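> Encoded as structure tokens, here's the structure I'll be asking about.
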Amino acid sequence: MLQENMTQNRPRYFTKSTEMPRKNTTDLTEFSQSHRPSTVPRFALKTQLLVNVFLLEMFCSQVAVAEPMQTVNLQNSPPVIELNRYPNPLSSRNSSYDWSTIPNDKNQYLDIPDIGGGGVGLINRNEEQQIGEKVLREVRAKLPVLQDAWLEDELSQVFGEIYGQSNLGAPIALVVIRDEQINAFAVPGGLFAINAGLLTTAKNMDEVAGVMAHEIAHVTQRHFSRSKENFKGQGLLTLAGILAGIAVASQSPDAGAAVMLGSQAAMLDRQLSYSREQEREADRVGMQYMAIAGYNPESMADFFETMHRKTSQLSFLPDFWLTHPLTTDRMSEARLRARQYQYKSNQYTINHQGSHKNTQQDLFEMMRWRVAVLSGYVNLTQLKSMATRNHGAALALAHYYIEQSQYADAKKILDNLSPSAVEKTLYQLTWSAWYVENKQYQQALDAVLPLYRVMPEHRALAMQVADIYILQGQGDQAHQILNKLSQSNPRDVAVWQALQRAETVRSKTAINQEFQAINGLRYRAEAQFWSGQEENAIKSMLHAERLAMQKNNESLQSRITVRLKAMQDAHQLNL
């Protein structure tokens, strides 16, 4: 897992990126593709990624399979779909929303099977959640995951809107992988992973939504196998090898291929024979999800054509096409099908704070350039050039300067940016990060506190306010904020890490320091658990249980014992 390049006192909102490449270019997507690792034979790398990613997606689809399904009925002229913007359970802006209250009439012309209903070999919703959470922990432990609260929240908003059309319940998490390859995958239970390279390649948010919808459709349609007996017991056992191979491949593709070969060879040939038809099915169903959620289905076809043009000029195939075969017929069919949809666009005016407005494309540009900087996929010369005409690039450049401790340059950019021209939350968060780095903690708090009071559920704002309170020695105030975040999303590693720091501050003035010590161990255990360090988490929780027993705190001991048992059971889940 990518280690967070930040000091103990650095707020979790603020993430150090790697050193940027030095090539001078003016196109972000071309630059990203041109900086591929040269130390590994390209053929070996692409072969390994073909096996890794294809079979990870295969696992995601075969762990719960249903009887053969009816063909999705797509009318020639679907009606205009009124957009019901249901709150997204992954978004911090809607963290308290009861997902079960969403009506089912939004799927007014979808013929999608209910995964919780009858059928041969179906696993229940709780088992799917356990699988999704297990994969989440494995991904965090073995893949380079970017941690940026603002970026995660904005992408989760889009993912939740698409996922909400699938009748799969509340999603688990969205993670961004620091990888310049164009790829993404969804896992049963509601986990979605997207590579940074896909975000820097896409032209707009609708194209990103198209990839999300396509991957979600793979899950809902039970690809790649619809006969559990044919693959009984293989899916869960294979995932461990898949993830291990991905991790090893990041250091040595040849070694990674060796790790993967034994667990994958028996299943690969059977699955490939189904892939093209299932890709078409995922296109069809995914477009329906897009239209209902208010995204342009033609953007899925646009992304196909963009990638087809790019790959025709390259000596390698992007990972996405290695696992998602693209043919001329499929592109033509996708374009024709997309044109049949009438949809109510959600190119609405975004108004996060109630005073200024940005279009969806403006927001996407901020996300796109931010992920490029966080991932190290753009150099300073390019960033300076784009910052003169792109507000998203300007904010990203300010972030880069702060990372490099060039505070005067960062301040100059922020001073020259008009708050009405950028997304105010990110603008204020960047100012706050600048003040923190200059140890002006009260000014840092003043930059975000007014927005936080308006949007107390906003994760990035809440995390920044809590971290500043910790820096100021106000552990109680930080704990109050972070405790609410942990209840709304118990899988959030950054929140548990911040809670542990807050508890350390609180213990300095606490009368009962043993109680703070026990809670500190609990928070450390949760952070370790959701980071994929399951054995260490169990050890920390056992230590907390012993301390609670020594202090005769039966209530706290009982809570710890229940959570410890849940961790141990999850650790025993073999994938």
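Here the Cβ of each residue, glycine as well, is placed from N, Cα and C on the backbone.
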> Suppose a student reads TrEMBL and sees His214, His218 listed for Zn(2+). Which of Glu138, Glu152, Glu279, Glu298 should they find annotated at that same site?
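Only hit among Glu138, Glu152, Glu279, Glu298 in TrEMBL's Zn(2+) site, alongside His214, His218: Glu279.
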> For a quick check of understanding: among the binding-site residues His214, His218, which residue's Cβ has the most other Cβ atoms within 10 Å?
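Ranked by Cβ atoms within 10 Å, first place goes to His214.
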> Could you tell me the C-alpha distance between His214 (Zn(2+) binding site) and Asp283 (active site, proton donor) in angstrom, no decimals?
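Cα to Cα, His214 (Zn(2+) binding site) and Asp283 (active site, proton donor) are separated by 6 Å.
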> Taking only the Cα atoms, work out how far Glu279 (Zn(2+) binding site) lies from Glu215 (active site), in Å, as a whole number.
10
> Roughly how many Å lie between the Cα atoms of Asp283 (active site, proton donor) and Glu215 (active site), rounded to a whole value?
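Cα of Asp283 (active site, proton donor) to Cα of Glu215 (active site) measures 9 Å after rounding.
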> Using a 10 angstroms cut-off on Cβ to Cβ distances, just flag whichever of Glu279, Asp283 is the loneliest among these recorded positions.
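Counting other Cβ atoms within 10 Å of each of the recorded positions Glu279, Asp283, the minimum falls on Glu279.
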